[in-house]
Amino acid sequence: LAAEPRARGPRHLNEDTGRFVLLAALIGLYLVAGATVFSALESPGEAEARARWGATLRNFSAAHGVAEPELRAFLRLYEAALAAGVRADALRPHWDFPGAFYFVGTVVSTIGFGMTTPATVGGKAFLIAYGLFGCAGTILFFNLFLERIISLLAFIMRTCRERQLRRSGLLPATFRRGSALSEADSLAGWKPSVYHVLLILGLFAVLLSCCASAMYTSVEGWDYMDSLYFCFVTFSTIGFGDLVSSQHAAYRQGLYRLGNFLFILLGVCCIYSLFNVISILISHSLYWGWRK
């Protein structure tokens, strides 16, 4: 890999550098645009929530004779309790085996909800080593998953192409893969187009998200839009942690946890593969733009 840029020559080095600079500039503009839009959308709601919360604190302080600084100090202690996993609602334990398994799943998948975090020194030290190898192994698994998807699509499309050629009479009925064909009709090295892979992965991601959202809406009690939002945030491993599944203790945990695990596993694999395909298209677009 280190010798590849030297073998490609100065011209390709300049092109790669140019595309890198162009991509960096586009990402910077993308970040600025995103920050502008989110600031415009969310700032009014944040200001309104702050005003409501300040009024609530003042009313509670006056009604119960508690000084506002003391009340704020108590709330800071409760925030510390939240960070340790203590909740006012009846939630399932975070550090029993199922809870710990859910946590390590969010670690190695790089989702990192933040709902459960190690509080001990030993837990934090172990997380560093555990996450280092776990995340690397999971990324390898995602890459292999994408390769298997492409191989499956290539097999299906080769089969469809062979049937099409047989029906048109351009392919002998006794044809076996690997035999000699004319260059125009040869199926050797047949691979699906990046656009076909993008379309199939996109459709599968939408179908998976819709099915998962239906489950989360019925079990978690979220709005369907919130469920779709949770699916994207989770499957893309952004993992804000504002919505976290499988936290309540009221519903039947066994079957739901299994379904939740399978949806998250398939969703993360699918979206990671989709991101890889989109990055290929972005790279091609940057190459075309730089050459232009």
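Yeah, the Cβs are placed from backbone N, Cα and C, and that goes for glycine too.
Predicted automatically and left uncurated, TrEMBL annotations should be read as such.
The DSSP breakdown of the domain 'Potassium channel' (92-149) into helical (H, G, I), extended (E, B) and coil residues amounts to 41 helix, 0 strand, 17 coil. The feature domain 'Potassium channel' is assigned by TrEMBL to 92-149 (among others).
The feature domain 'Potassium channel' is assigned by TrEMBL to 205-282 (among others).
As annotated by TrEMBL, transmembrane segment applies to 20-41 (among others). A Cβ distance under 8 Å defines the sequence-distant neighbours of the transmembrane segment (20-41), meaning residues of its chain 6+ beyond its ends; these are 282, 286, 289-290.
If you look up TrEMBL, you'll see 100-121 (among others) marked as transmembrane segment.
Under the heading transmembrane segment, TrEMBL lists 127-157 (among others).
Through the fold, the transmembrane segment (194-215) approaches residues 149-150, 153, 157, 224, 227-228, 230-232, 235, 256, 259-260, 263, 266-267, 270-271, 273-274, 277-278, 280-281 of its own chain, all at least 6 residues removed from its boundaries and within a Cβ separation under 8 Å. Residues annotated as transmembrane segment in TrEMBL: 194-215 (among others).
Beyond the ends of the transmembrane segment (227-246), by six or more residues, the same chain brings 92, 102, 106, 109-115, 205, 208-210, 212-214, 216-217, 220, 253, 256-257, 260, 263-264, 267-268, 270-272, 275 to within a C-beta distance below 8 angstroms of the stretch. According to TrEMBL, the feature transmembrane segment maps to 227-246 (among others).
Summarising the annotation, TrEMBL assigns transmembrane segment to 258-282 (among others). Residues of the same chain lying 6 or more positions beyond the ends of the transmembrane segment (258-282) and with a Cβ under 8 Å from any Cβ of it are 23, 105, 109, 111, 141-143, 145-146, 149, 194, 197-198, 201-202, 204-205, 208-209, 211-212, 215, 231-232, 234-237, 245-246.
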Chain residues in Cβ proximity to the transmembrane segment (127-157) (below 8 Å; excluding those fewer than six residues from its ends, i.e. six or more beyond): 104, 107-110, 118, 190-192, 196-197, 200-201, 268-269, 272-273, 276
Secondary structure tally of the domain 'Potassium channel' (205-282) (DSSP, helix then strand then coil): 58 helix, 1 strand, 19 coil
